[in-house]
Amino acid sequence: LLLSFCFYQPDEREIQSLSAEIESLKNPQDLSSSPRLDELREENAKLKYRLNILKRSLQEERTYCSKSMMNINQRLQEVFGEAIRASCPELDNPPLAVTPNQQAKFGDYQCNSAMAMAQMLKAKGIKVNPREIAEKIVQNLPDNELTQKTEIAGPGFINIHLKRSFVSKLLSNLLINGVQPPPLASKKRVVVDFSSPNIAKEMHVGHLRSTIIGESMSRLFEFLGHDVLRLNHVGDWGTQFGMLIAHLQDKFPDYLTVSPPISDLQAFYKESKKRFDEEEDFKKRAYQCVVRLQSKEPDFIKAWNLICDVSRREFQKVYDCLDIQIIERGESFYQEMMTEVVKEFEEKGLLQLDEGRKVVFVPGQPIPLTVVKSDGGYTYDTSDLAAIRQRIFDEKADVIIYVTDSGQGTHFQVVFAAAQMIGWYDPQVTRVEHAGFGVVLGEDKKKFKTRSGDTVRLMDLLEEGLKRSMDKLKEKERDKVLSQEELIKAQRSVAFGCIKYADLSHNRINDYVFSFDKMLDDRGNTAAYLLYAFTRIRSIARLANIDEATLRKAAETTEVILDHDKEWKLGKCILRFPEILQKILDDLLLHTLCDYLYELATTFTEFYDSCYCVEKDRQTGEVVKVNMWRMLLCEATAAVMAKGFDILGINPVQRM
């Protein structure tokens, strides 16, 4: 078996004792006779040799016996980091730069640290040629399981060639154990605040972006082994509820006993707003309703709950379509906590009076936070401070991410700074971040609206997506080969997959143009292309009559050969998956995963066009030869694509 060497387990204690023995031999007491010195040197060399073999065996055991996928880039950084520190001990914190090589002829990875190190040494008054530093780094490279050879190029680039046997064993590991996350240093409590629509208002395309991005981020953190709490900070409190309750009392006076048949809450909201703006008596009554709601009078709480429930049912339709799991925790949840927040800022002398308002000025921030209005009411600033405090102290969050449009960037910047100023968290310990995104534009490059200029309802958009994806499937005559059930599954997979992918494949910081035609195009970097590619890869084994049990057995007994350039390119591309996830974890930019999946699909196509997986008789079409190691490369590609889709919230189907 490929992994049989896992049963050899070098003892850590043996390594320690050998290391101690080498140290003692460095300072021998009796060096009077030359033959004795030669004998000691020979003994020292033998011990060093044995120590290196044991170290390498231990590293190989950790690598190949672990079920986790290895982050090759990270492992190379460990190896080169050790060499860099040994080469230039005079540099504190020397730069460590290891990246995948863009051109195969220069190797697989590249270390570019030598040039930056030369600059740092120059600043210390030491002039060294970067190429000399690169040579020193290469000389100091420890024995390791992954590098075949290194070459120094140009002014001091170190080109790194990986061992093919190493890549082959990692691929076998992936095939046997599935796509497992890299080892986790520590499990973190992660709060992701996303979606956040307003009660009594329709969800629109802005909520679509927040919902899709937030869900995908949550899935990424979960896959990597963290404990994720998805929170929906809905707008379910405030003065607008006064006019809604007053209008409810007039329109459905028996609302306490008979559930009011409000089918269109948006229209209901517009009616109440019109009355609020035009009828003075209604406006006064609306304010009284707010006071009575805030006093928690049962009849008013019931009216408020009725309105919230109508909205919740509408939101849930969207969440069901997009396969979103989220816990609602609206502004109302933090009402009682706001008093405590104001009290704490007051006690610490951080509140100032400003024209009747109580405000918090944070040094270095462009605007103050208003925590109490001149009429004594609280604001968004107060509820956001209460929310961050609750998440830090009650939820014990290590990471808090807010997914809203970039327009709220300054607001969150000030809220975070205030929370740090009062001592709620240290940014070195707790990661609190605003993941902002741009607006959705129509094909005219203006803000996405209906022809009449209204905001586009999210459910209308999703239904249009379903209609268009069915048209696309019928255009490809899939209705003639798929059962009705398979067709409906394919329709939903394509429609919602394309809408999600179109959003996630753009850098979230930028605005993006919403176009059904582009997102349903099965050419280029689209979900339609990737879903069709995935279905084709999955069908290769089926068409060759190879069942799952045969593939499982082959994964354990067949070496993945990587002799052909396209096999080698695909194998390395598959194994870059953990590196991609680590990058997204650092910058929260999910388009990197979309770019990677597209690269993986196109790299697979190159491989499939050049390397026969299944050879058939040209006359009869019968399978005459199966190149099993290539079938395993197909399986590994599909497994990584499936996990990538899962993180993006896309559900591929077996047949399309």
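Including glycine, each Cβ sits where the backbone N, Cα and C put it.
Residues annotated as domain 'Arginyl tRNA synthetase N-terminal' in TrEMBL: 74-162.
TrEMBL lists 459-493 with the feature coiled coil.
Taken from TrEMBL, the feature domain 'DALR anticodon binding' covers 530-656.
Residues 203, 205, 208, 314, 317-318, 321-322, 499, 516, 520, 528, 531, 650-653, 655-656 of the same chain lie 6 or more positions beyond the ends of the coiled coil (459-493) yet place their CB under 8 Å from a CB of it. Per-residue pLDDT, averaged across the coiled coil (459-493), gives 92.
Look at the domain 'DALR anticodon binding' (530-656): DSSP puts its residues at 87 helix, 7 strand, 33 coil. For the domain 'Arginyl tRNA synthetase N-terminal' (74-162), the DSSP-based tally of helix, strand and coil residues reads 38 helix, 19 strand, 32 coil.
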